[in-house]
Every structure is written in structure tokens, then in C-alpha cells.
Amino acid sequence: MSSKLYIKTFGCQMNEYDSAKMADILLSEKNMELTEVPEEADLILFNTCSVREKAQEKVFHDLGRVRHLKNSKPDLLIGVGGCVASQEGSEIVRRAPFVDLVFGPQTLHRLPELIDARRRTGQSQVDITFPEIEKFDRLPPARTTGATAFVSIMEGCSKYCSFCVVPYTRGEEVSRPLDDVLTEVAGLVIQGVKEVTLLGQNVNAYYDKTSGEGDIDFATLLDYIHEIPGLVRIRYTTSHPREFTARLIETYQRLPKLVGHVHLPIQSGSDRILAAMKRGYTIIEYKSIIRKLRTIRPNISISSDFIVGFPGETDTDFEETMKLIDDVKFDESFSFIYSPRPGTPASDLPDDTPYRIKLARLHQLQEKIQRNAQMISQSMVDTIQRVLVEGPSKKDPNEFCGRTDNNRVVNFAGHAGLVGSFVDIKITAVSSHTLRGEISDMQ
């Protein structure tokens with residue numbers, strides 16, 4: 001008889017991918033099936049994120065909410081994975097002795113062994129080491145039932161931006177071998193996947209020196225993936241401006257499966273702040289990348305990340321960020337007020353900007369980008385867009401939704417037989433964050 005697994009995932013798409021891999025390996029080796037009800041679970045896992053402030057406290061809050069379940073189910077195991085686990089390690093067990101397992105992003109493949117050790121010894125198990133590529137070598141083949149899938153091609157970060165905790169929680173950059181990536185993508189396509197999103201903390205830093213084909217950079221990897229029969233679309237996230245090479249830009253000219261959307265975090269429009277962040281590029285260099293991309297694909301959609309209120313940010317610095325938004329015409333952003341992360345260089349910088357000013361700046365920035373997004377969406381009304389139908393709409397379960405090439409979500413009337421296929425949708429209206437449409441050829 002199978003036992004039940006409950007996973008709560010926080011943070012980025014990489015964590016979503018990792019959670020799916022946890023489920024795969026525990027099904028394969030422990031015959032565990034997923035449940036959405038924690039009370040049913042024999043194993044509860046929290047896959048955590050430490051990018052934002054107070055992430056640790058949120059984890060302990062969630063742990064407190066499930067602690068009582070052990071009273072009625074003494075054999076229940078509770079585990080904490082992800083970046084908070086990497087950052088806090090044994091401190092989690094010290095503060096919450098009822099936690100049985102603590103494991104980092106690079107050791108999730110050892111979950112079956114950690115479970116066995118916990119049951120055998122009665123002691124909490126902590127493993128937050130950084131084995132190089134062992135994680136991917138140990139994972140079972142990917143399983144999916146949808147038309148889209150994530151594929152992790154590299155992990156970690158070697159940039160050490162002054163504000164960022166990722167190098168300390170995910171380790172240095174490590175790329176998967178070319179053959180492993182191609183095998184996973186091809187296997188997903190056989191299962192019905194039409195679109196893959198390639199994942200990495202700095203996905204375009206991918207570099208495989210082990211291939212028999214010679215050194216493989218990210219642009220070359222895209223060339224190989226593009227040749228896989230049955231795959232229709234390729235996305236990737238998150239890219240870094242420092243590795244957005246001329247070769248990568250050229251792929252948008254020769255690879256039609258590469259979608260017309262790029263998420264390219266800038267963080268600030270001020271060269272002074274970018275230098276303090278240790279980002280390694282200037283505004284002119286960033287805008288040059290965008291200009292070259294739009295020369296090849298004039299309608300390409302550009303989204304970004306912004307940090308508002310970084311230590312020392314002046315009104316002038318913020319005005320430069322707003323000007324950059326006007327110049328580039330970003331149509332989506334993930335934007336936050338700076339929050340110091342323990343152990344990062346920026347956490348030691350003096351920060352005398354009042355919170356109310358930071359909050360006002362954030363609202364101004366988000367409103368400007370939302371206006372840009374609305375203008376771009378409005379320009380799509382009455383056009384025909386090719387949409388991959390992903391499933392029922394989140395807004396109305398009687399309708400369906402899918403994504404355009406430029407990453408817009410479209411809601412429309414349809415039927416279940418369309419899921420997993422491409423349909424031509426005429427865009428009829430725009431809402432705050434999505435489009436409405438109708439099937440143009442009544443497929």
C-alpha cells in the first residue's frame with residue numbers, strides 16, 4: 001500500500017522543478033503518492049526560498065501549523081528543503097526539534113536515504129552539502145501529464161551580487177551534461193510535452209565541457225534542443241546580462257521554436273547602484289542587448305527584476321530607473337523593496353532611506369510597468385495569436401487558458417479536447433493581467 005506525500009513549495013520555478021523531482025524519486029523508491037491535504041500525509045515537506053526577508057520566520061510559522069499532526073500520527077515525518085534549509089541547517093532542528101529531515105537543493109536526491117536513516121536511528125537527519133552533479137545522476141526519469149514542463153539545465157550562481165544569498169544556498173554554477181539534458185527533453189516530448197522551459201539561476205551561464213561534441217555553451221545547447229522532433233516551443237529563465245552573448249542573440253534569428261519573450265533582470269537603472277550591487281554591466285551594455293534583440297525580433301517581450309531602495313539609492317538613481325523603463329518598455333516585472341539577506345556584503349551597507357519613500361518608489365515603478373503592459377496588450381486586440389492550451393482557466397473553470405508566444409495568458413471558451421494542442425485565438429479584450437479571446441477557426 002502506498003503512503004502519502006505532501007509538498008508545499010515556495011519561491012521560483014527552480015523550486016517547482018525540485019518539488020516535482022522530490023515527488024518522482026519518492027514515488028520511484030518509496031511508492032509515495034502526492035496529496036494536497038497535509039492531514040493525509042505520511043511525509044510533509046516544505047521546499048523553501050530565502051530570497052526575501054523573513055523567509056526563515058515564515059518557515060517556522062508553517063512548521064508550527066503542522067506540528068500537532070504528529071500527535072495523532074506519531075510516524076509522520078516532517079522535512080524542510082530548499083534554500084532556507086541550506087542557510088539554516090541544524091538551526092532548524094534546534095528551534096523545531098520535531099523536524100525530522102533537513103536537506104538542501106543539491107541533496108534532495110538523498111531523501112530516501114535520509115528517511116531510512118531517520119527511521120533507523122530515531123535522530124533528525126541534516127544534509128546540506130553541495131555534491132557537484134550527483135543530484136541529477138540519481139533522479140528518476142521525468143514524469144508529466146501536461147503540455148509544458150520545466151527542465152533544469154544548471155544550478156547555482158558564481159556571480160556573488162552583493163545583495164544575493166543564492167551562491168551561499170545553491171552553491172557555485174554547475175551545468176548538466178548535454179546528453180542528460182537532451183535525454184530529459186526528448187523523454188518529456190514523448191509524454192506529450194510541446195513546450196519546455198529551461199531553468200537555471202543563471203541559465204545562460206550553461207557550459208558543458210564533458211560533451212564529446214566539444215565545449216557546449218548555452219546557444220549551442222539551444223541549437224541541439226531545437227532539433228528534437230515534436231517540441232514546438234522553447235523558453236528559458238532566468239538569464240543574466242553578463243552572459244547574454246552575441247551568439248545567444250543570434251539564436252533568435254535562426255531558431256523559430258525560441259519564443260518571443262526574454263526575462264532579463266536589470267535590478268536598477270542607475271550605473272552607480274549596479275556597481276554597488278556588483279552586477280558586472282552598465283545600462284548602456286544592457287540597452288545594447290535589448291536593441292540587438294529587437295532588431296532581430298521587433299515584437300519581442302522583455303520582462304525584468306527590479307530592487308527598489310537598495311542602500312544608498314537616491315532620488316536621482318530612482319529617476320534613472322524610471323527612465324530606463326520608458327526607454328526599454330518592459331511589459332512585466334518582479335519588483336521588490338530591498339531586504340538585507342544575512343551574510344551578504346550589502347547587508348553591511350548603511351541604509352538611511354525611510355521605508356515610506358521606498359514603498360512610494362515601488363508603487364511608482366509598478367504602475368509604470370503596468371501601463372506599459374496594458375499598452376502592449378491593447379495592441380494585441382483583434383490580432384490572431386497562436387496559443388498552447390494548458391488547461392482550465394484559473395478565473396473560470398468552465399473556460400480554458402493558454403500562453404501566447406510573448407508570454408501573455410489568454411482565457412477563452414473551449415473544450416477539454418483542446419488541452420495540449422495549439423489553437424489560433426483572436427484577441428478580443430484586455431484585463432489587468434490577462435487577455436480574452438475566442439477560437440478563430442472553431443477548432
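In case you wondered, yes, glycine gets a Cβ from its N, Cα and C as well.
Annotated in Swiss-Prot:
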type	residues	note
DOMAIN	3-120	domain 'MTTase N-terminal'
BINDING	Cys12, Cys49, Cys83	[4Fe-4S] cluster 1 binding site
DOMAIN	143-377	domain 'Radical SAM core'
BINDING	Cys157, Cys161, Cys164	[4Fe-4S] cluster 2 binding site
DOMAIN	378-441	domain 'TRAM'
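Known features from Swiss-Prot, placed on the structure.
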| residue | record | DSSP (3 states) |
| --- | --- | --- |
| Cys12 | [4Fe-4S] cluster 1 binding site | coil |
| Cys49 | [4Fe-4S] cluster 1 binding site | coil |
| Cys83 | [4Fe-4S] cluster 1 binding site | helix |
| Cys157 | [4Fe-4S] cluster 2 binding site | coil |
| Cys164 | [4Fe-4S] cluster 2 binding site | coil |
So what sits near Cys83 ([4Fe-4S] cluster 1 binding site) in its own chain, CB-to-CB under 8 Å and at least six residues off in sequence?
Gly11, Thr48, Cys49, Ser50, Val51, Ala55, Gly104, Pro105, Val165, Val166, Thr169, Arg170
At a 10 Å cut-off from the C-beta of Cys157 ([4Fe-4S] cluster 2 binding site), count the other C-beta atoms across all protein chains.
23
Do you know offhand how many angstrom separate Cys164 ([4Fe-4S] cluster 2 binding site) and Cys12 ([4Fe-4S] cluster 1 binding site) by C-alpha?
14
Within the domain 'TRAM' (378-441), residues counted as helix, strand or coil by DSSP:
5 helix, 31 strand, 28 coil
Restricting to the domain 'MTTase N-terminal' (3-120), what is the model's mean pLDDT?
91
Looking only at Cβ atoms, how many others are within 10 Å of the one on Cys164 ([4Fe-4S] cluster 2 binding site)?
22
Within its own chain, what residues at least 6 apart in sequence put their Cβ under 8 Å from the Cβ of Cys12 ([4Fe-4S] cluster 1 binding site), listed in sequence order?
Cys49, Val51, Thr238
Cβ neighbour count (10 Å, all chains) around Cys161 ([4Fe-4S] cluster 2 binding site) is 22
